[in-house]
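First comes the structure, then the notes that go with it.
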Amino acid sequence: MMILVNAWGSVTVEARICKSRSQKFKGPCVSEDNCANVCHTEGFPDGDCDGLLRRCYCNTHC
């Protein structure tokens, strides 16, 4: 986790995102919405298409 303090003294927290290849998504990933929906069924909060081969990766906070 990265914590930043700006000039005004407020604190900003940025969480890292971990990616895991979807176990249920089949074929090339052409729709971010379809990928995210499959990731939801796997218990992840989000998912997106990534990489040269356009695979579906599920995202979660590390």
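Including glycine, each Cβ sits where the backbone N, Cα and C put it.
What Swiss-Prot lists as disulfide bond is C18-C62, C29-C49, C35-C56, C39-C58. The signal peptide feature in Swiss-Prot is assigned to 1-15.
What Swiss-Prot annotates, mapped onto the structure for a quick look.
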residue: C18; record: disulfide bond; CB count, 10 Å: 12
residue: C29; record: disulfide bond; CB count, 10 Å: 21
residue: C35; record: disulfide bond; CB count, 10 Å: 24
residue: C39; record: disulfide bond; CB count, 10 Å: 24
residue: C49; record: disulfide bond; CB count, 10 Å: 18
residue: C56; record: disulfide bond; CB count, 10 Å: 28
residue: C58; record: disulfide bond; CB count, 10 Å: 25
residue: C62; record: disulfide bond; CB count, 10 Å: 8
Spatially, which candidate from the disulfide-bonded residues C29, C35, C39, C49, C56 is nearest to C62 (disulfide bond), comparing Cα atoms?
C39
Which disulfide-bonded residues are spatial neighbours of C18 (disulfide bond) here, meaning Cα within 10 Å, out of C35, C39, C49, C56, C58?
C58
Near C29 (disulfide bond), meaning Cα within 10 Å, which of C35, C39, C56, C58 (disulfide-bonded residues)?
C35, C56
What three-state class does DSSP give C49 (disulfide bond)?
strand
For C58 (disulfide bond) and C35 (disulfide bond), determine the Cα separation and express it in whole Å.
8
May I ask for the distance between C56 (disulfide bond) and C49 (disulfide bond), taken between their Cα atoms and rounded to an integer number of Å?
5
Would you identify the secondary structure of C56 (disulfide bond) according to DSSP, in three states?
strand
Per DSSP, C18 (disulfide bond) is which: helix, strand or coil?
strand
